[in-house]
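A.B. asks: Shown below is the structure under consideration.
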């Protein structure tokens, strides 16, 4: 398994597209902060930096990073026929699933560390440009805890989408499935069904990871953060549901991968 993980990490590190996507993400955020974002009257540069960091992370970055990481770790293997080649040499399918999960955790953790270093570097540059900027320790801790939780959701959802990927053997279907489960579409469907059927589905919603991640992202938006503060209870509930997803889906992914005959699918 260690050799499989090492080989997969080397494959990812040699992908030029990964560096291009990360450069665009970090470059776009830098441009936003340096050339567009300006503090309001009575604010230091810290306020708009934190405000827009929360908004961007809560609304956009986790979805983009989720698609990017899932494509890089899983779909690229599948659509390039690398998965068929790996399994054809006698690698146990359970070993493959666990090795991919380890790679996913390492890849997401690497992006998180890189993003944290980048944020601190940008903060230092802005502090120099504006002759100093106050640093809100607790505020940054809350951002970090929330982002770690959202990125944990990416890992948990990767198993759910793998079930769809290996069942349908379609990369495009799995990408659309990831967009669906990571957006608020499931929540809206449950709310609409609850209204039409007059059934209280709050308990059902509370056990969906989409709803829990939506709560975390809403908590990280500035209006909610100022009005309601930061809730560790929401984070713990999200981690609990996420762990249930992982424990439930891991054997299902292994079972499906053992039963299906993997075919080459160049993003069809």
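Heads up, the Cβ atoms here are built off N, Cα and C, so glycines get one too.
Since the structure is predicted, the reported quantities are computational estimates derived from the model, not experimental observations.
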A.B. asks: From the ranges 18-36, 37-55, grab the one TrEMBL calls transmembrane segment.
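C.D. replies: That would be 18-36, per the transmembrane segment entry in TrEMBL.
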A.B. asks: State the residues, same chain only, that lie 6 or more residues beyond the ends of the transmembrane segment (230-257) and have a CB under 8 A from a CB inside it; answer 'none' if no residue qualifies.
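C.D. replies: Result: 93-94, 96-97, 101, 142, 145-146, 149, 152-153, 155-157, 159-160, 162-163, 166-167, 206-209, 212-213, 215-216, 219.
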